Amino acid sequence: MLIKRQRYPSIKEHQVTDEAVYQQRRQILKQLGFMGAGALLAPHQSLALNLFGDDKPKFKTHPLSYSKQENHGETLTPFNKVSGHNNFYEFGTDKADPKANAQAFDIDPWLLRVDGQVEKPFSLSLEALYKVAPLEERIYRLRCVEAWSMVIPWIGFPLKALLEKAQPLNGAKYVAFETLYDPKQMPGQASVFRGGGIDYPYVEGLRIDEAVHPLTLLAVGLYGNSLPPQNGAPIRLVVPWKYGFKSIKSIVRIRLTDKQPPTTWNLLAPNEYGFFANVNPKVDHPRWSQARERRITTGGLFTNNRIDTLPFNGYNEVASLYRGMDLRRFY
Ligand SMILES: Nc1nc2c(c(=O)[nH]1)N[C@H]1C(S)=C(S)[C@@H](COP(=O)(O)O)O[C@H]1N2
Ligand SMILES: [Mo]
């Protein structure tokens, strides 16, 4: 039997060491002449170049109309970091891979299916995704389980608005989400090694009360425009009080169900990633502490912006969802 976690360590050491240290190492190698121009490219950039040559298609985003949110003193992570430092293993496991490999991602036509235990199942076309409900800006902190975080101005609508259209039945206790499966477009799905050992499609889930919480967002854009492919175009989930891996990208199916659905990182390493995955500074990852995080802001080479991690990522209004639950056991 393939023990994926051991053969393909899913989170690499450099992802939990300081990015500055990692970048400095590369800088030193470059100065010593060990890295040519090619070595400075992300590993899979060359693949994209081979496939598309100079005619490589360019993904186009478009401006959205939305109501702006007042920013109460959060320093936003700049657009180039939000769209250049990503986890999207379908396009490769390094932080620069998704941007390098996803620019030819074809999202038209797209179909998002909403079904399962509902009165009225339906599907939405690409155009319809932007019209489910009035679009609103939501400035949210995103805390990755790897102990880095960003502040991102998303644009989207509450997941609740979409679920209501389907009229969930009484038996619907959970919501299951699924990312597109298309190995022709996603090099990580075409190779176990490139895809970090994940059994695709990437799947995620929420309890129904979490899903209909007003903070739970379906995002179709960020920084004023529709989503770049590396951030999960055309539609992705954002659950700001949970570790980033819950915020599944490029969703094609949302299914209401009576049973807790399987989730990708829990399948891969159940002792490291639970179903709930609420941000919790008191529950360490088995391989590192979750007490603090590196906030990615303007991010020069020598920034080392470490801050305390807050329970529920600072979104205390969700605490009542978990009253009476042992959050160490249900991590
Ligand atoms: N389909 C899919 N969704 C995904 C991932 C992924 O690899 N595949 N990575 C997750 C992780 S670990 C994080 S931290 C966030 C990162 O979102 P961002 O790149 O937009 O910041 O996406 C999440 N959603
Ligand atoms: Mo993450």
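Every residue gets a Cβ built from N, Cα and C, even glycine.
The Mo-molybdopterin binding site feature in TrEMBL is assigned to ASN86, TYR89, GLU90, CYS144, THR179, ASN231, ARG236, SER247, ILE248, LYS249. Annotation comment: TrEMBL describes 104-265 as domain 'Oxidoreductase molybdopterin-binding'.
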Chain-internal residues near ASN86 (Mo-molybdopterin binding site), provided their CB is under 8 angstroms and they sit 6+ positions away: LYS95, ASP97, PRO98, LYS99, GLN230, ASN231
Most Cβ neighbours inside 10 Å, all chains, among the binding-site residues GLU90, THR179, ARG236, ILE248: GLU90
Reported mean pLDDT - the domain 'Oxidoreductase molybdopterin-binding' (104-265): 98
Reduced DSSP assignment, ILE248 (Mo-molybdopterin binding site): coil
For GLU90 (Mo-molybdopterin binding site): DSSP state (helix, strand, coil): helix
